[in-house]
Amino acid sequence: MAAVNLRPDDDNSALISHIYNPEIYTQMLPQQGTAEGNKPTKRRRRRSRAKEVAEVAAGLKKRKLSAEQVRLLEMNFGNEHKLETERKNRLAAELGLDPSQVAIWFQNRRARWKNQKLEHQYSMLKKAHDSAVLQKTHLQSEIEKLKEQLAEAKNEIQKLVEVSERNRRWSVTMDDVQAAACWGEILMEEYEDVFYSMQENNYNQPVEWTISSALSPFIGVHDSEDFGSDFVFKIEPTLLIDPRRLKIGEVIGEGSCSIVYQGLYNCQPVAVKIIQASRTSAISPEKKERFQREVMLLSRVNHENVIQFIGASIEPTLMIITELMKGGTLQKYLWSIRPETPDLKFSLSLALDLSRVMAYLHANGIIHRDLKPSNLLLTEDKQRVKLADFGLAREEISGEMTTEAGTYRWMAPELFSIDPLPVGGKKCYDHKADVYSFSIILWELLTNKTPFKGRNNVMVAYATAKNIRPSLEDIPEDIAPLLQSCWSEDPNGRPEFTQVIDSLSNLLQTFVLKESSLPNMDDKTEKEVDCASDTSASQSRRQHKARRHRSSSFCLKCCYNFCLSD
């Protein structure tokens, strides 16, 4: 078979172009097209189409949408974010736009909507994150504070445990004391260096104490270095005791700021009041000032109805030593006999003792400011009362008594204010505040009830300021005017204690005279009781008691009217 001549100048080339596809033929002869300087036909057509598309797009960009078209497109986009073909064509026809232009607008608008949505979500998440971080920081701060408080509480508990252990080891009970001739001499050689070592033994000179190696039971209640740092005591050395001669026994009373122990000092039974420290194991300057004021006032007063002051101690703890009142407080006695009421003679007698000591204090310019049954101590036979706790007592200075003090149920109305006071403002008062407190105590002695029972401090203060007083229903008619005058809302309308003494003395004297004027009736009643049976005896006693109460009430009323006429 003869070879085929494929050269271009051959006549067979025309046949090949008809037989093969033009693209194949073009590839077979690449040099021919290049040599002639012509470009492939298909490439030329593609460039032409791209140019046409670019021209169309440029034409579309040049056509800006009107405000009305944008508004209608926004309205349709708000109804439905998706754009279907049918909807696209309909919107394009309604707005006179090209469908591709509508599609591009929806695509851009949907992209902006998604972007805004993402930005909003990011903003919300960022706010939540910032809030969580801030809360975490706050919680961490609270945790640190709680850890510090827990550490302080553990230290305080440890100190209290140590104090309790030392008290248990070193305290001596009263039974052990009764077996010895003198408590002050018990094992003094052994305890000589236990509590203190003194540089001088002259108690008339300023005393300097140093804590020895064996610590006192009260070390840990507060540190001695706290005394000189913010407060300087001005107590005369003659008022300080020798703590080595003091032995402390069991607890007999406890208050918010102090604990009272039974003890012995120089073989004498005493009451030891120990000022308690705060949670931070340091006594505040205010408590030190109150302690010093109580020591100074107790050392100055000299009255049979004021508890006898023996001495005080500054180190290692603040202590006030007074006589021991074995009868306890008036409050505990009244509670012990409830629901019965005290005898009228007993009540008037105690009220007379209290009015006498208050007249003495006021004559010396001293206001107690905290009269209440828990601050009144009874003798062992329960026949006399003595005033105690001068921690809130102050010397009366005209125009300067503006500090609120006392216990709410016994506080005078001038110490309360219903309307808000200006910044730094305080209510003024004078010694007549003690007269009001005395009237509430007298009411308790006559009724053996709690004043304003069932009300909290705020309610008591509001009632007192509103001139609401305890009920006079169970009060004898001849004593009610005295109570009403003593708890008058106006301090100037309250009597002086000298006037109260006169009224109570006349009432008590009349009561005693009435009792002594009925000896025959008493003797007859006693004979009837001896002869009668147990049942009839009890009945006769009740009848006799009722007759005595009616007669004494009538007599007291007559006496009081007679005193008023004078």
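Cβ atoms are placed via backbone N, Cα and C, with glycine included.
All TrEMBL annotations are machine predictions without curation.
When the ranges 63-117, 118-172 are checked against TrEMBL, the one recorded as DNA-binding region is 63-117.
In this model, the DNA-binding region (63-117) carries an average pLDDT of 84. DSSP places the residues of the domain 'Homeobox' (61-116) in helix, strand and coil in these numbers: 44 helix, 0 strand, 12 coil.
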